[in-house]
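What follows is a set of notes on a single structure, which appears directly below.
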Amino acid sequence: PPERRKPREEGLRHCLQIGVEALKARKSPLDVVELVVRELENNEHFNAGIGSVLTNSGTVEMEASIMDGKSMKCGAVSGLSTVLNPISLARLVMEKTPHMYLAFQGAQDFAKQQGVETVDSSHFITAENVERLKLAIEANRVQIDYSQYNYTQPVQDDAEKELPVANGDSQIGTVGCVAVDSQGNLASATSTGGLVNKMVGRIGDTPLIGAGTYANELCAVSATGKGEAIIQATVARDVAALMEFKGLSLKEAADYVVHERTPKGTVGLIAVSAAGEIAMPFNTTGMFRACATEDGNSEIAIWPPA
């Protein structure tokens with residue numbers, strides 16, 4: 001519906017603008033993807049940060065990951081309930097620890113050590129997400145099973161991932177951003193609140209390097225959709241592997257992974273190559289996505305290309 005679609009489109013337009021401006025100002029792709037995903041985490045219309053959906057206990061457990069293509073350094077976090085911007089904590093894990101992944105209490109303790117901004121967990125609980133949880137509990141479903149009850153198919157987002165929601169609200173998903181600069185340096189970042197009515201402690205594809213997020217010297221990928229399907233197919237890494245080992249173009253690799261390797265209605269992704277090729281395939285009804293190129297061309301869309 002327009003009242004749900006418009007704020008998301010406006011959010012994508014804003015994020016596209018700040019991302020392009022940052023690249024023009026010679027910010028690194030790593031800086032750019034963190035900046036854009038932070039903006040999405042701060043927008044209650046997306047399922048990350050302030051807009052995160054709720055677990056079956058009515059709590060928030062956020063997760064995120066970030067990866068630099070050239071160095072292949074990466075950082076990931078999950079089980080966060082008080083960190084304002086999970087993507088920035090993921091970057092700190094990458095840059096300030098010998099590890100790649102911190103979760104739950106250990107991640108929140110690390111956030112305090114680093115002086116990361118935290119808030120009371122109630123900050124993340126919105127009326128809209130309380131209602132979503134109520135509907136999911138009444139239907140006795142984790143919000144991923146759209147085979148019954150009035151669930152629409154998942155929609156995904158270039159600046160966000162999408163999962164099904166009751167009453168035609170198909171705008172719950174992960175947010176993600178990929179970027180490449182004029183030197184071909186690449187980066188990817190992904191963040192989410194997960195699934196409506198998920199079990200406490202459930203971890204999806206978003207913080208898993210190679211599943212929801214991946215970047216190397218060939219491409220950067222951020223995936224969205226049903227986390228379990230993305231994990232099983234190692235979606236983000238498979239796109240890069242097909243380019244590396246089979247010599248496929250980015251579009252060929254991304255299309256193959258989405259349309260041949262994953263069940264229909266479960267996956268979408270955004271990807272960019274070192275040469276600046278863009279791919280945004282999805283096998284869901286739609287996917288919120290946006291992209292911009294250095295020549296000034298840009299696109300914001302939901303539905304499949306005509």
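Residue positions begin at 1 at the first shown residue.
Cβ atoms are placed via backbone N, Cα and C, with glycine included.
What Swiss-Prot records for Thr174 is active site, nucleophile, and it gives similarity to another entry as the kind of evidence. Per Swiss-Prot, substrate binding site is recorded for Arg202, Ile203, Gly204, Asp205, Thr224, Gly225, Lys226, Gly227.
For the pair formed by Lys226 (substrate binding site) and Thr174 (active site, nucleophile), distance between Cα atoms is given as 10 Å, rounded to the nearest Å.
Ranking the binding-site residues Gly204, Gly225, Gly227 by C-beta neighbours within 10 Å puts Gly225 at the top.
The Cβ of Lys226 (substrate binding site) has 24 other Cβ atoms within 10 Å, all protein chains considered. Note: Ile203 (substrate binding site) has non-local neighbours Glu63, Ser78, Gly79, Ala103, i.e. same-chain residues 6+ apart with C-beta under 8 A of its own C-beta.
Sequence-distant neighbours of Arg202 (substrate binding site) (same chain, 6+ residues apart, CB-CB distance under 8 A): Thr55, Glu61, Gly194, Leu195. Geometry remark: Gly225 (substrate binding site) versus the residue listed as 'active site, nucleophile', CA distance 8 Å. Using a 10 Å radius centred on the Cβ of Asp205 (substrate binding site) and all shown protein chains, the other Cβ atoms total 31.
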